[in-house]
């Protein structure tokens, strides 16, 4: 017999178009159709809400540039998990993956699926709030459908992403054009004295940023799939610049359109802002916006699944998750066990899920680890200047992003402390109680080995090597 083992690895099938669609298609999802009313309500004035949206876009652009350098220095999939592992050590990296796998990623999936479901059922309940159980059943159906798509074929899931990217950009362009037409006709009364009643409290600014940044979530998705990206040293920075610049411009113009068509009071009281906009501008064709928003959220959910499964996959490969999650299907070359695991956790989180709470706690946890990631980049710049860097940013950029991340983490706590943020913090650090016995001392029961072998045969999967 030949002693050489044939190793599996994920293929590099994501080109520049797919990369732009993965970033932009995930970012343009539920947020721009769900968060504008909350941003406006929290910050208090139309002018300040536009400033928040612009600042969120600027912060995300700066952070993504930093991630582009990290992705070309550490050419491994896994995003901030792998960057923290290589710069801050295994304990901090495990805390990230513990909170990410059990809360952050599932919360992102649940938040997007809930907004998708709300827009799907909105046309059938024009004068009342749809039943919660119906919304959650539709959300669960979307989660299961996209889990299946991503388990079957990488190329097909990328094709789905590109299609929905085009569809959602078209929908936003329709909103922008409609708003511009109304503005040209002289409907600018909502912009008179546009900064009146602005809430300048630290807590209000922090929560407004949480809601705005939720709409930009997905800016770092390409860093999760670096090993599946063609020519990452070239396509990673290019895709970041193209996608995030496009999304930021679209978001600002869409919010101007919303505020042109609707009064601040109408905007804040709307459950589905795109539907309200469509009813006022398109009349009987207003239902089109409900369809467009649903398609947008569906495409974003697909991108979240595509990247989220890779985080679990990489963590298992590094020994921080069960071995079965580091395996890929022997024929389809997709990380199906990690995707299935993410699906199960997401469905569990969906049961008690509430959209606004999910957004706030998701953002709090995410920016806590973004801050640690920026510290890692600063460490590499200062202590490891000799490392090859195909793409490089000035040191001031990670410093600015770090300051912003620290503010976003502390803002809701300092001004208006809530016990829920303490619970989230305790949850993050409770990962140490899991790390010490099961990772550090490897107290792994033999039953887990038998279960791994059974699942490996049942799911037709095998260990996968790094694709560097």
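A Cβ is built for glycine as well, from the same backbone N, Cα and C atoms used for every other residue.
Curation plays no part in TrEMBL annotations; they are all automatic predictions.
Straight from TrEMBL, the features:
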TRANSMEM  14-35  transmembrane segment
TRANSMEM  47-70  transmembrane segment
TRANSMEM  82-103  transmembrane segment
TRANSMEM  133-156  transmembrane segment
TRANSMEM  162-184  transmembrane segment
TRANSMEM  239-261  transmembrane segment
TRANSMEM  287-313  transmembrane segment
TRANSMEM  333-352  transmembrane segment
TRANSMEM  358-380  transmembrane segment
TRANSMEM  392-414  transmembrane segment
TRANSMEM  420-441  transmembrane segment
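By the Cβ criterion (under 8 Å, sequence separation of 6 or more), the transmembrane segment (14-35) is not in contact with the transmembrane segment (392-414), since fewer than 3 such pairs are found. Here the transmembrane segment (420-441) has Cβ contacts under 8 Å with residues 90-91, 94-95, 98-99, 103, 319-320, 357, 361, 364-365, 368, 412-413 of the same chain, all six or more residues outside its ends. Taking every listed stretch (47-70, 133-156, 162-184, 287-313) in turn, the largest tally of C-beta pairs under 8 A with the transmembrane segment (82-103) is reached by 287-313.
Most Cβ pairs under 8 Å with the transmembrane segment (287-313) belong to 162-184, among the candidate stretches 133-156, 162-184, 358-380. Looking at which of 47-70, 162-184, 333-352, 358-380, 392-414 has the most CB pairs under 8 Å to the transmembrane segment (133-156), the answer is the stretch 333-352. Tertiary proximity for the transmembrane segment (162-184) is limited to same-chain residues at least six positions away from its ends with a CB under 8 Å from its CB atoms, namely 17-18, 20-21, 24-25, 28-29, 32, 246, 250, 253-254, 256-258, 260-261, 274, 277, 281-282, 289, 292-293, 295-296, 298-300, 302. Residues 36, 39-40, 79, 83, 191, 194-195, 198-199, 205, 208-209, 212-213, 215-216, 219-220, 223, 236-237, 240, 244-245, 247-248, 251-252, 255-256, 259, 370, 373-374, 376-377, 380, 389, 391-393, 397-398, 400-401, 404 of the same chain, all 6+ positions outside the transmembrane segment (47-70), place their C-beta atoms under 8 angstroms from a C-beta of that stretch.
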